[in-house]
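For A:43-355, the entry in TrEMBL reads domain 'AB hydrolase-1'. Residues or ranges marked as active site, nucleophile in TrEMBL: A:149. Per TrEMBL, substrate binding site is recorded for A:219, A:350. Annotation comment: TrEMBL describes A:316, A:349 as active site. Marked as site 'Important for acyl-CoA specificity' by TrEMBL: A:318.
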């Protein structure tokens, strides 16, 4: 059965107070919903996205083959998060470049694109904006909030910012904060963008150019960290593009892995906004609920009341299982209910987006349990 | 006791046939020697360098405090590789930027700097050039050849190209070839350099500029892969540069790790040659002695007759212990004598350059054994 997705947009006039102290007035959030809200409005699930994704979580756009949402393996009729039972909401975050208000939109104060002047947004700000969208949709409480990677950080933050509005949180391939190495990779990617002469201090729109060189490098770095060494060796290994012989060049593509990375970089640079890249990586850097609690994650999570599903993947070296276990331990220290699955999958961080029978079965079982709660 | 180092240079007129099919005529090699060659010329040790190093392996330049060679912890009077007993030779490789003929020198055919037209050189080419230097120095046979990382690849290649000239090979923190992930990191660094508008197709010298933006990015990426996640967390963690408060910026330095990486990138871009970076990373990509043997490292190493010392470091994720074990296994398959030490050190790939008592003791014991052979 095909799930048809219809993008929608909601305008918000009231200013949103941001963590930085700035405020954002008159913004739009792009979103999609799938399935039907039940009579007592108890079956809503919010799905939060990571860096390069959007409100288009599941289904296809009519007449657009290949337009499947980014988590279409997970969400849809009969799928682990079953849209026959749940009312699923996907939202594009503030500052992103897929429909919600972002750096390429006009700054009301100047009439020109925000560019690098777009306010710095945090995971907490996104959650606040998402809560307002739910208000507007008449949803007081979520059956669950779910996300992978940066999306998982939002799900975790929901349980702290709005504990009474979330019954379950599914936090997949995520972490309670970035390590120094994670920040380091983000910083290199940002430097590549910011030092591209076409960046023009973040106001490249008015110059009619795009800092594609920087975006390509950023994406190439990202891709390396999304994949495992194993899967890269299996998929590309040391295979040459031209067959058997080395060509002895320094700038041509000789190895398959080079070809793959350049292709990924080129593709990304065609559609992703450079300022959005900076904003989203910074939101990742900043997220750290333990910071306000002297570094104690257990103290930080003391106010969470949701039940949790945590999932990690063995070959994920960006957010390895140990990071999910930190969250599990902090929750158990608070006597919360936690289900934790460590999936033996070869695909690295990307595994959370891929079809893997054991992974999907774990999520399915968890949502079956949630469904039993509200249908009982 | 201070070891005084004196840089020397040797000119070679006869053309060197390169693996690519090109040849290199009229080149210079910068080198240094420490200690004295004994009467039967049996105590020579060649030390090979990695990406960002040179012939200045040990000691200091007179009147230049802080000018210690890059492996001064390892090599010198009374040190593990003891210059009181061994005659140690350091050579700067062809194509490097520290004295030997490289891309910034004049191409005799045009009278202008080689730039990107400098012939592509391989590990095997470097070994051939080193062998000619030894010929010129009157050294028929080496007590040992030693190197870390890319230097270890040269040491390994010596045992295959000149098996009768090497009695021992010390291959530290190295690998029998690069993985797809290793190549991927090299490729991103190269793209950053090549797409810097100041690169000018590799002929930036004539434009009076240097592709510093690209070099900075390349070095930042490199640095991340040289350190372990652990040591980064210990050294920098999530510490902020300004103390406690986030500043909510996307382009300023906020975390200590950002400050460290930018500093490393800036420093490197001041002295390292962009074309050399391309050449050396390509030499890394290409090295793969098993390639000519249907991918079998055991077959490739069948002709090696040297005894081996292999050392790896537990937290090195660039060339992890498993890569050294591949070499050990292939050697054992050929019934070669192999000593292998896996050092539990927190510093990642960089550990091979650092002072670590257990590591230095292992190398010392090995060289004591070598010394016993020729003093017996």
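Using N, Cα and C of the backbone, Cβ positions are placed for all residues, glycine too.
A map of TrEMBL features onto the structure.
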residue: A:149; record: active site, nucleophile; Cβ neighbours (10 Å): 26
residue: A:219; record: substrate binding site; Cβ neighbours (10 Å): 25
residue: A:316; record: active site; Cβ neighbours (10 Å): 28
residue: A:318; record: site 'Important for acyl-CoA specificity'; Cβ neighbours (10 Å): 23
residue: A:349; record: active site; Cβ neighbours (10 Å): 23
residue: A:350; record: substrate binding site; Cβ neighbours (10 Å): 21
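In sequence order, A:349, A:350 are the recorded positions from A:219, A:349, A:350 with a C-alpha within 10 Å of the C-alpha of residue A:316 (active site). In terms of Cα spacing, the recorded positions A:149, A:219, A:318 that come within 10 Å of residue A:349 (active site) are A:149, A:318. Distance from the CA of residue A:318 (site 'Important for acyl-CoA specificity') to the CA of residue A:350 (substrate binding site) is 10 Å. Residue A:318 (site 'Important for acyl-CoA specificity') and residue A:219 (substrate binding site) are 15 Å apart (CA-CA, integer value).
A distance of 9 Å separates the Cα atom of the residue listed as 'active site, nucleophile' from that of residue A:318 (site 'Important for acyl-CoA specificity').
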